[in-house]
Amino acid sequence: MKSHIAIICIIMLSFFSMHEYRCVGSTIGRSSKIYIPLCFHNNCIHPFKDDCWCCLAAGTKKDWCWLEKDFPDAKELCMKTCTRKI
């Protein structure tokens, strides 16, 4: 008799946890949009130092990068010229 009560309690607890998971899971699904920035800091000359800003937008050239040594405002320049083409 005690084992039957224990099994019933375990089943009821698992139903409660499944219900809670379903409620939490629906809110997580809506907020899981990943933001990918247009420009990223990359290493162009020195392998261990990020020294340029490169464009990651769709439809652009692969080598569209600005060296910080040549362009002091490389980040701003990348953000202005690099646009998403959807």
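Any Cβ shown, glycine's included, is placed from N, Cα and C.
According to Swiss-Prot, the protein has these features:
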- CYS39-CYS54: disulfide bond (DISULFID)
- CYS44-CYS82: disulfide bond (DISULFID)
- CYS52-CYS78: disulfide bond (DISULFID)
- CYS55-CYS65: disulfide bond (DISULFID)
- 1-21: signal peptide (SIGNAL)
Discussion item. For CYS78 (disulfide bond), which of the listed disulfide-bonded residues (CYS39, CYS44, CYS55) have their CA atom within 10 A of its CA?
Written reply: CYS39, CYS55
Discussion item. Neighbour count, 10 Å Cβ-Cβ cut-off, for CYS44 (disulfide bond): what number do you get?
Written reply: 17
Worksheet, complete the sentence: With CYS55 (disulfide bond) as reference and a Cα-Cα limit of 10 Å, the qualifying disulfide-bonded residues from CYS39, CYS44, CYS82 are CYS39, CYS82
Worksheet item: Reported as an integer number of Å, what is the Cα distance between CYS82 (disulfide bond) and CYS39 (disulfide bond)?
Response: 7
Discussion item. To the nearest Å, how far is the Cα of CYS44 (disulfide bond) from the Cα of CYS54 (disulfide bond)?
Written reply: 9
Discussion item. Restricting to the chain of CYS39 (disulfide bond) and a gap of 6 or more, list residues whose Cβ falls under 8 Å of its Cβ, or answer none.
Written reply: TRP53, CYS54, CYS55, LEU56, LYS75, CYS78, MET79, CYS82
Practice prompt. Would you mind pulling the DSSP three-state label for CYS78 (disulfide bond)?
Written response: helix
Discussion item. Using a Cβ cut-off under 8 Å and a sequence separation of 6 or more, which residues in the same chain sit near CYS52 (disulfide bond)?
Written reply: HIS41, ASN42, ASN43, CYS44, ILE45, CYS65, TRP66, LEU67, GLU68, ALA74
